[in-house]
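Trainee: Supplied in structure tokens, the structure appears directly below.
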Amino acid sequence: MRNLVTVNDVHQQFAEYFDIPALKPYAYLLSKKGSEGHICLHLSKLEQEWHTLPEAYRKIETGNVELRNLPVVGSEEDNNQPFVVYQDRLYMQRYFRYESNFLNKIRLFLDAEKAVLNDRITQLQEQKALIQRLFSSSNKYIDWQLAAAITGVLNNFTIITGGPGTGKTTTVAKLLALLYATEPNLKVALAAPTGKAAARMAESLRNTNIESDESTQAAFQRLQPSTIHRLLGSLPDTHRFKHNQLNPLIYDVIIIDESSMIDVALFAKLLDAVPPTTRLILLGDKDQLAAVEAGSLFGDLCQAQDELNLFSPERSQFINNFIPVAEQQIPASMVKSDAHPLFEHLIELRHSHRFSGDQGIGKFSKAIITNNEAAIRSFFHSNADDQIIIDPEYNTDLFEKFVSRYTDFIQEKDISKALLLLNAQRVLTAIREGAHGLYTINKQIEKYLHEKQLINANAEFYNNRPIILTRNYYEHGLFNGDTGIIRLDENNTLMAWFIDSTGNLKSVLPGYLTQAETAFAMTVHKSQGSEFGEVMIILPDTPEIPILTRELIYTAVSRAKQKVYIQGSPEIILSAAGKFVERASGIGSRFKESVANQLI
């Protein structure tokens, strides 16, 4: 009989489900690590975790326990048990299967592209004039955009990572222009974890200013963005999808943006539905926050190789043949031979066209993500930089001056223009609860605007309330993360207004949107996939908060295109820069193992 206990600790409830005393500490820790975003438990690092166990579990004798021999623990070959031990890692069975299927699918992509590589090389050689028109530039830095586009044409599996303003969407536009030139009827899918991210990518592609003919421009206009869930065909009230290995997606190219936001379960299901003969291109920023749920596969893949942007002598010579300017060519230092499966499949765009690396947002972002303390401290002096303003005192006047700019969207009568003005600035919080959390900050903004007689927050849905959806509403074409405003229509009825993926207004009765939050302020996590003119970042006043990391600060700062205000002490900022997200998985080690064993 299982000794089920009445406790509030969900990890202990999980551990108590298994009537094997020696397993309980491991089950507890694995559950706890899963809730923190890890997909496995490193058994070789248990000492640093043991103190987090309930006292009763710390007393259990585990010294002579061989986990592999327990009846509920399987192995790589026998993974039908609730747990799997592989190498020095303990997994929940489903996460081990996700990881294994993920690695196996990449192998299938790599095998499939070998069969068509020579044909693709010939096609690119025939398009040399078009390539040089698309990428003509007088810049004096390496043309990683061209290298990424060529890589995406040649490969069936490509990862393109880069910070804000590095040109990920421009690169994809030029890549598609190359493909459309030889395949005018190319079937292309655009998707992202959130509807707003997908719509922004599609809008950027439609508005991109590149050298292309009318048929290519028309093809760009036909591109329809989608959430990943909608692309896969989410089945109501289940975690399953219409499209899978038995019913795959039928596209020639699938482009996924904001890939760092995708958790391991969704990633596995996405790859399951993509035939290995399809070109799959993953875009993202490896330095941004990972998914809220378990896994950080995009980051794991980007870190699987010791160095990015490496090419064989043959591939580098092929790419450089399209680049007439010597300074823009791949240098000899990036030319190597490597047996890693992802060799020549990972490209990092390294030059920001939006920010200078010597000052402002560009310099501060780089300093944060690299934990360059001296560079970070240089921003702490008053008037140190026009783009980064640090306010350690949480100055009320500065806060109210910033939020008073919401007046612009409130007073704008045209709803489409009002929605654009709403995105001119945004307050971002690191946490939800507490004096500096989302709920308190939104209440403070509402109070200020109410006192200025700009809003009348007397009901859940009031005129000019900005909202952000926290779930998908497929029946209305609205998605988790979409932002809108509540406004009266011509019949004096309050409606929720949004701009859809085609740039047109749509309205929905607010009563249908049962899960929506006020969005004068939003969390940094929810801001991913969005851009604002200016942002104010409000940090908690204590560093002992696990999510306060360099990735969070970097993600928040990089949402701004023009200016950043940070309310938080230098100590908090430096503490966050010194902490980084490291989620446990077996991706990196299993790739290295596959190289040694030539399994992939």
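Note that Cβ sites are derived from N, Cα and C of the backbone, with glycine treated the same way.
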Trainee: Look up coiled coil in TrEMBL and report which of 107-134, 443-470, 471-498 it refers to.
Mentor: 107-134
Trainee: Drop a 10 Å sphere on every Cβ of the binding-site residues T166, T169 and tell me which sphere holds the fewest other Cβ atoms.
Mentor: T169
Trainee: Taking the recorded ATP site as G162, G163, P164, G165, T166, G167, K168, T169, identify the other residues of that chain whose CB atom sits within 8 Å of the mean position of the site's CB atoms, giving them in sequence order.
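Mentor: Sorted by sequence, the hits are D285, L349, S352, H353, R354.
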Trainee: Give the nonlocal contacts of the coiled coil (107-134) in its own chain as ranges (CB under 8 Å, at least six residues past its ends).
Mentor: 146, 149-150, 153-157, 174, 177-178, 181-182, 210-212, 276-277, 280, 318, 321-322, 324, 341, 345, 599-600
Trainee: Summarise the model confidence on the coiled coil (107-134) as a single mean pLDDT, whole number.
Mentor: 94
Trainee: Give the helix, strand or coil assignment DSSP yields for T169 (ATP binding site).
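Mentor: Once the DSSP labels are grouped into three classes, T169 (ATP binding site) ends up as helix.
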Trainee: State the three-class DSSP label for G163 (ATP binding site), counting H, G and I as helix, E and B as strand, and everything else as coil.
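Mentor: Looking at the DSSP assignment, G163 (ATP binding site) belongs to neither helix nor strand, so coil.
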